[in-house]
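This report refers to the structure that appears directly beneath it.
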Amino acid sequence: MAYKFTLRGKTYSFKDLKTVLAKATPERSGDALAGIAAEDNKERIAAQYCLSEIPLKAFLDDLLIPYEKDEVTRLIIDDHDTEAFKPISSLTVAEFRDYLLSYEVDGKTLKGLAPGLIPEMVAAVSKIMRNQDLISIASKIEVVTKFRNTIGLKGHFSVRLQPNNPSDDPKGIAASIIDGLMYGCGDAVIGINPATDNPQEVSKLLKQLDDFRQQYEIPTQNCILSHLTTTFEIIDKAPVDLIFQSIGGTEKTNSSFGIDLKLLQEAYEAGKELGRGTIGNQMMYFETGQGSSLSADAHHGVDQQTLEARAYAVARKFDPFLVNTVVGFIGPEYLYDGKQIIRAALEDHFCGKLLGLPMGCDVCYTNHAEADQDDMDSLLTLLGVAGCNYIMGVPGADDIMLNYQSTSFHDAMYLRKVLNKRPAPEFEEWLLKMGIFDDQGNRKELKEQMLKLK
Amino acid sequence: MMAKEISKSNYLQIDPWENLRSLSKARIALGNSGGSLPTREVLSFQEDHAFTKDAIYSDLKEKELLKHLQDFKLPVYQFQTKVSDRKEYLKRPDLGKKLAETSESENGDFDILFILTDGLAADAINERAIPLLKEILPKLNDYKIGLCLVKFGRVAIGDEIAEKLNAKFTAVFIGERPGLSSPKSMGIYTTYEPRSETTDERRNCISNIHENGMSIEKAADLLQYFIKESFRRKISGVKLKASLPNQIDRK
């Protein structure tokens with residue numbers, strides 16, 4: 001179905017819904033690379049007006065990627081909760097934005113609404129929002145998850161300790177873990193991206209992390225971010241806490257990652273049976289990022305931000321403990337500079353939270369993108385205000401294995417300080433017990449003899 | 001009233017586990033002031049970033065590399081992609097996956113093609129590709145092998161080259177995106193039966209080949225393993241797990 005909008009005497013027409021969405025998207029290099037972006041600023045604002053008048057219902061009827069062709073579309077449509085959708089079923093995209101911002105709509109309302117929303121509606125409304133709207137609405141939503149501790153509570157802010165090492169060297173990894181714990185990081189997860197995805201190596205790393213956790217009674221969870229099939233292979237033999245996988249918003253993207261919904265379901269069920277969590281059993285950990293579908297030539301002419309939101313439909317099917325948008329990792333051909341990275345991260349965090357996910361963000365950039373530490377400081381602060389569940393903690397912000405810059409342990413200290421946020425409650429108690437933090441959340445002066453982690 | 005002079009030890013916290021620094025190149029035990037980075041660490045990071053940014057614009061030493069490739073006494077080919085300069089390379093990865101229209105084809109009926117391309121760090125290829133070939137080629141006497149050099153290429157450029165020259169297997173040597181502490185890191189992507197429509201789950205990857213990561217010798221061992229297993233089982237990618245013992249360097 002074609003869509004039209006007349007702006008200052010000129011009529012813009014868009015051949016279908018996905019074209020309206022793509023042209024209404026704030027500027028980014030990935031959509032230009034795909035050849036679907038607005039021609040100029042005038043066409044973009046015309047598309048945004050056009051989009052704002054579209055009823056939310058339209059996204060349930062006019063499917064961007066055909067039901068028969070894509071299992072992610074089938075998941076979205078089949079799992080849609082019409083009862084939860086009812087209260088907003090007569091709204092347009094513009095009205096939906098105003099509704100979300102209104103005083104009447106609080107976190108509880110939004111939580112009830114989540115099953116009635118599909119990714120396309122959420123992506124649509126985000127495209128006519130400013131950064132402050134994305135922050136304002138997301139900050140209403142609290143998504144709490146549990147495994148060995150509690151992540152996502154208001155007033156708390158967690159960190160994945162990411163002690164990656166280019167040769168998976170156990171001593172190098174241990175050194176980074178100690179450094180991170182001493183700066184109060186690691187409550188979301190201690191998670192390593194392995195240099196080589198092989199079952200024996202992954203098992204060894206898991207054993208190392210698990211021994212360490214038990215020795216110091218750290219209330220957290222571990223993860224080696226190996227491919228799902230590798231984790232699956234060792235799940236009966238190695239201490240697997242969280243099950244990790246990268247996911248995307250189309251069947252073909254997931255296929256390029258070597259997975260499908262059936263495989264995710266099998267892994268999810270196997271993980272449930274392990275029951276290694278102490279206060280909860282949410283154990284899936286997903287990573288996503290705008291541009292992955294285009295990168296795999298699996299985008300069906302849909303813009304990268306809408307596809308990213310569709311990946312969240314895949315994530316929410318499996319009740320995850322953590323979801324992480326790795327926003328600036330993919331490179332300048334998808335998000336060119338600091339401005340585009342910041343916008344995309346706020347969109348992803350907003351869309352994920354509105355769909356009910358425990359969103360974290362890898363605030364990051366690669367060296368070939370036009371971005372630097374100042375951009376990351378800005379994004380980190382904005383996400384903290386938006387209520388982001390967690391960020392990465394990488395020694396000195398420099399990942400020596402994946403060759404990109406993320407956020408550091410010091411960045412986490414900064415954010416908790418300026419926004420008065422605390423680590424996960426169970427983890428904070430441990431930090432106090434170990435004499436690492438004082439009750440103000442400041443790091444204590446650590447004399448050699450106080451260093452209990454040796 | 002006279003202000004009292006402040007001594008540095010009053011506010012800068014030192015991390016007493018500085019001895020752990022010898023175990024890793026990671027930026028650990030940096031110390032802090034009020035939780036934030038000390039000045040020297042802020043400037044040191046920005047220094048590394050400055051050098052890395054400039055390294056991305058390094059160039060493939062084509063003449064020198066071609067000469068070394070010819071020394072192996074194997075068929076050598078040179079290709080061009082559709083990319084015309086570095087900035088276009090960064091913004092248009094699609095063009096780096098396609099050969100220029102003028103590229104010639106030839107039925108070489110190769111078992112293996114080794115393809116060298118600059119990727120995001122030409123210096124990684126300039127420095128590590130030839131030593132790695134010297135290590136692996138003597139171990140592959142049973143295969144018919146060709147060598148290729150291509151400027152401004154992405155990983156998938158190997159697929160089109162394999163079709164042009166008719167090859168069963170490709171190993172693409174490519175400069176990985178530079179990290180602050182490893183601006184010259186090489187990666188190798190192997191594909192069995194590469195075709196234009198090949199996606200990444202069908203490739204195996206050996207990454208972080210640089211002076212603080214995987215050594216040339218270990219990378220060659222792992223590459224030899226992937227070659228042997230790919231030909232034996234006629235697959236590559238996620239279904240082919242690396243189960244070579246001690247494949248990774250230990251410090």
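Quick reminder: no glycine exception, Cβ is built from N, Cα and C everywhere.
When TrEMBL records A:Arg160, A:Leu161, A:Gln162, A:Asn193, A:Glu287 as binding substrate, the matching candidate from A:Asp98, A:Asp106, A:Asp348, A:Asp362 it lists for that site is A:Asp362.
Proximity to chain B (Cβ-Cβ under 8 A) holds for none of the binding-site residues A:Arg160, A:Gln162, A:Asn193, A:Pro194, A:Glu287, A:Asp362. The Cβ of A:Gln245 (adenosylcob(III)alamin binding site) has A:His227, A:Leu228, A:Phe257, A:Ile259, A:Leu264, A:Ala267, A:Met284, A:Tyr285, A:Phe286, A:Glu287 as same-chain neighbours under 8 Å, each 6 or more residues away in sequence. Long-range Cβ contacts of A:Leu161 (substrate binding site) within its own chain (separation 6+, distance under 8 Å): A:Ser176, A:Ile177, A:Gly180, A:Leu181, A:Cys185, A:Gly186, A:Val189, A:Ile190, A:Gly191, A:Gly393.
Checking each of the binding-site residues A:Arg160, A:Gln162, A:Asp362 against A:Met401 (adenosylcob(III)alamin binding site) by C-alpha distance, the shortest gap belongs to A:Gln162. Of all the Cβ atoms in the protein chains shown, 27 others lie within 10 Å of the Cβ of A:Met401 (adenosylcob(III)alamin binding site). The Cβ centroid of A:Arg160, A:Leu161, A:Gln162, A:Asn193, A:Glu287, A:Asp362 marks the substrate site; residues of that chain outside this set whose Cβ lies within 8 Å of it are A:Asn164, A:Val189, A:Gly191, A:Leu225, A:Asn324, A:Met392, A:Val394, A:Ser406, given in sequence order. Residue annotation for substrate gives A:Arg160, A:Leu161, A:Gln162, A:Asn193, A:Glu287, A:Asp362. The furthest Cα pair among them is separated by 15 Å. Geometry remark: A:Asp362 (substrate binding site) versus A:Pro194 (adenosylcob(III)alamin binding site), CA distance 17 Å.
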